[in-house]
Amino acid sequence: MSDSDNIKGVSRRTLLGTTAAAAGVGLAGGAVVTKDGAGFVSTADAQTKSAAPKAPPARPAVQKTEVAPGELDEYYVFFSSGQSGEMRIIGLPSMRELMRVPVFNRCSATGWGQTNESLKVLTEGMQPATREFLKNRGGTFMNGDLHHPHVSFTDGTYDGRYAFMNDKANSRVARVRLDVMKCDKIIELPNQHTVHGLRLQKYPRTGYVFCNGEDGVPLPNDGKVLDNPKEYHSIFTALDGDTMKVAWQVMVSGNLDNVDSDYQGKYCFSTCYNAEEGVTLAEMTANEQDWVVIFNLKRIEEAVKKGDFKEMNGVPVIDGRKGSPYTRYVPVSNNPHGMNTAPDGIHIVAAGKLSPTVTVMDVRLFDQLFDDKIKPRDVVVAEPELGLGPLHTAYDGKGNAYTTLFLDSQVVKWNIDLAKRAFKGEKVDPIIQKLDVHYQPGHNHSSMGQTKEADGKWLISLNKFSKDRFLNVGPLKPENDQLIDISGDQMKLVHDGPSFAEPHDATIVHRSKINPISIWDRADPMFADAVKQAKADGINLEADSKIIRDGNKVRVYMTSTAPAFGLEQFQVKQGDQVTVYITNIDAVEDLTHGFCIVNYGIQMEVAPMATASVSFSADKAGVYWYYCSWFCHAMHMEMKGRMFVEPKSV
């Protein structure tokens, strides 16, 4: 299929027939007989192979995509990693990976999940029941499913303070400080079972962090109710992005999927599948329509003030189910997925997924909707038919939208104004171009396209399958993130980028919005607990290398300056509870140190002018070398020392 081929006349019957067949495959064990009877293929294989004629090589870009040695990318891209649990930072247009920021995962390189500083972040926002559950399981979750990283706003554009992201696996939300590119807060959401969609308040600032609860469970979920879906409830959460505390929650009808907010600070809105509130695939896809749920922020805030809520696990929960004064439910084609606000501040687009259509709404009509002056479907101003499996929509700031078509393996460029005119009956075609991508695209994102400053230069298509696009690396294949030039009249594919499991969403931010530091401030709160303990022990972290014993608790303080640690040896007793504090006093950009104790499973990063600490039980007697694991000096190999663990028998 060529770039300019437009799929027309795709009927709902045809699409649902294909989808129903795929659903049937899932119920039957994931295999179907091929049309020629040759054998069995998986659903995913059938989709990718049917959509994947051999594509021509990527064409030269209209814009300059090469970033020469010594030059810098124009954009940061903050990528999710799905089940890997980290946030990744990519440069655009080079598509080079710049950094990985551990969040919900355990990171061997940095010690995230082992250092005291990271463990505080990972545990302080836990619910009490979870803390008890994990008490004999290492104290923290060892996995995460990081989706939807989004950067904080002021007045409708990025302000570079924070990135927020959700953990679908363990119902958490994290905040990453963009001045140091480190996670500083994680909260587990009470009452909510999974967090899928996450977006931020755009105006006047962030503000609220909006978190969709996808799956319904009994409330409280204590085992007293099990297989009774009528008593399951889904929860929508608004966090305070400054305090990382829950501001309020709303109980809704159906499963929430993706969410976005307006540019006026009045509404946020979520796609909702499973209006049937079923628990099986057949039940969840039975109805012809689901809905978009619109949340009235002012009314919800007033409800909290006047006490119109039920307190559950210490937070106010408002009843926003169908018929509530705090929400409105707009019918759309069944199982909608993506929800994306256009940079014009007027239009929002809900993608159909099981329908070839997307639904365009005008946020200026929401006031009338909540005042009951119009009906829910009256806010719909266009519903163009785009192709098979529309999932997510991005924008160029010029009135055009770009929607991924999962089943067609395409990105379709279409015009919002033309779609509105066609909706009114005018004989115009809103589709401008279709571009083959490789393969099965999910999220897509344009440069600055989620702000009022969309610049219409670049689009990334995050494709779920790569198949034949890269060297074969075995059964587990990389994803394929494809860079598309959208600066001209026609989309042009310019780059294939492999990525490990598994990006769900990304945010493209102009580099002028982000201003990280290179050397830590000694007053930074990240290691404030270490500073406090050192002060109590009479230790100057930037000068002293000493050992403090308090019963069987031993605190080892040492500086590090390449190529030497402040202590070349220290001695403890078997069974001592040891905490080692390392302060890197090299105030030199990019001179990171590491601290690793051989055969003790200890490893951590110590960045310039930072203090890092790790606690462990000295259970193995003997001599154990420690060394700097970051190559920081020509004498790197000699930057080491010995830990003596005196056996109990001595």
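Each Cβ is built from the backbone N, Cα and C atoms, and glycine gets one as well.
Spatially close to H196 (Cu cation Z2 binding site) yet at least six residues away along the chain are H147, N166, K168, N212, G213, E214, L256, D257, N258, judged by Cβ distances under 8 angstroms. Residues or ranges marked as Cu cation Z2 binding site in Swiss-Prot: H147, H196.
Every protein chain shown contributes to the tally, and the Cβ of H148 (Cu cation Z3 binding site) ends up with 25 other Cβ atoms within 10 Å. Sequence annotations record features per position, and here Swiss-Prot assigns Cu cation Z3 binding site to H148, H443.
The Cβ of M284 (Ca(2+) 2 binding site) lies under 8 Å from the Cβ of N255, Y273, N274, E276, G278, N335, each of these being in the same chain and 6 or more residues away along the sequence. If you look up Swiss-Prot, you'll see Y273, E276, M284, D290, N335 marked as Ca(2+) 2 binding site.
Secondary structure at H337 (Cu cation Z1 binding site), as computed by DSSP, is coil. Residues or ranges marked as Cu cation Z1 binding site by Swiss-Prot: H337, H392.
Summarising the environment of E479 (Ca(2+) 1 binding site), the number of other Cβ atoms within 10 Å of its Cβ, over all protein chains shown, is 21. Positions annotated as Ca(2+) 1 binding site by Swiss-Prot: K464, E479.
Residues annotated as Cu cation Z4 binding site in Swiss-Prot, with similarity to another entry given as evidence: H504. According to DSSP, H504 (Cu cation Z4 binding site) sits in a coil region rather than a helix or strand.
When other Cβ atoms within 10 Å of the Cβ of H593 (Cu cation A1 binding site) are tallied across all protein chains shown, the result is 28. The feature Cu cation A1 binding site is assigned by Swiss-Prot to H593, C628, C632, M639, with similarity to another entry given as support.
Residues near C632 (Cu cation A1 binding site) in space but far in sequence (CB under 8 A, at least 6 apart, same chain), listed by position: A562, P563, D586, L591, T592, H593, M639. The Cu cation A2 binding site feature in Swiss-Prot is assigned to C628, W630, C632, H636; the stated evidence is similarity to another entry.
The region 'COX2-like' feature in Swiss-Prot is assigned to 552-650.
If you look up Swiss-Prot, you'll see 1-46 marked as signal peptide, on the strength of sequence analysis.
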Inter-residue Cα distance where the pair is H148 (Cu cation Z3 binding site) and K464 (Ca(2+) 1 binding site), in Å: 15
List of residues, in chain order, with Cβ under 8 A from that of C628 (Cu cation A1 binding site) and at least 6 apart: S560, A562, P563, F565, H593, G594, F595, C596, H636, M639, K640
Of H147, H392, K464 (the binding-site residues), the residue whose Cβ has the fewest other Cβ atoms within 10 Å: K464
Which listed residue (H443, H504, H636) has most other Cβ within 10 Å, given these are binding-site residues: H443
Distance check against H148 (Cu cation Z3 binding site) for the binding-site residues D290, H337, E479, H504, W630, keeping those with Cα within 10 Å: H504
Euclidean distance between Cα atoms of H504 (Cu cation Z4 binding site) and H392 (Cu cation Z1 binding site), Å: 11
CB contacts for H337 (Cu cation Z1 binding site) [other CB atoms within 10 A, all chains]: 22
Cβ-based isolation winner (fewest other Cβ atoms within 10 Å) among the binding-site residues Y273, W630: W630
